[in-house]
Amino acid sequence: MRNLILVGPMGAGKSTIGRLLAKELRLPFKDSDKEIELRTGANIPWIFDKEGEPGFRDREQAMIAELCAADGVVLATGGGAVMRSENRHALRAGGRVVYLHASIEQQVGRTARDRNRPLLRTADPARVLSELLAIRDPFYREIADIVIETDERPPRMVVLEILARLAELPPR
């Protein structure tokens, strides 16, 4: 396996699950959003404020291309990374892709106190999350090798299911 790539909506558990998978597989863990922050010295909300979403998405595309070219990495992507066809191609070519699916209720609960999510700076985050999932879900599914439900499941159980399901996949 080249890389293990996690996609899915905000609050699906990509970073938490990714860290655990990396530890289990003894691989480095990378979060594309955190890597952008490290590289720029600015947090994601600041980048959104100063450059707008298109500016952030340009940075994200460059970072995903770089990280997917690596070998032996567990990568958690931002929720909107799949919106650009270039990213979908890079992610699919970069390794095995796992779509972590979470219900809107779970997403709201997991993101409620996180101030680092510019798209959720709204009076009705559930509506925004629902709209985003409706648009993004087909793209997550398009590139996923496997889809994993994360609702009300301990991260360790999700990790074990991912490892078992990956072992069942034919080589590509």
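From the backbone N, Cα and C atoms, a Cβ is placed for every residue, glycine too.
Of the residues proposed, Gly11, Gly13, Gly79, the one Swiss-Prot records at the same substrate site as Asp33, Arg57, Arg136 is Gly79. Look at the Cβ of each of the binding-site residues Lys14, Arg136, Arg153 and count the other Cβ atoms within 10 Å; the largest number goes with Lys14.
Here the Cα atom of Thr16 (ATP binding site) is found 14 Å from that of Gly79 (substrate binding site). Looking at Gly13 (ATP binding site) and Gly79 (substrate binding site), their Cα atoms lie 11 Å from each other.
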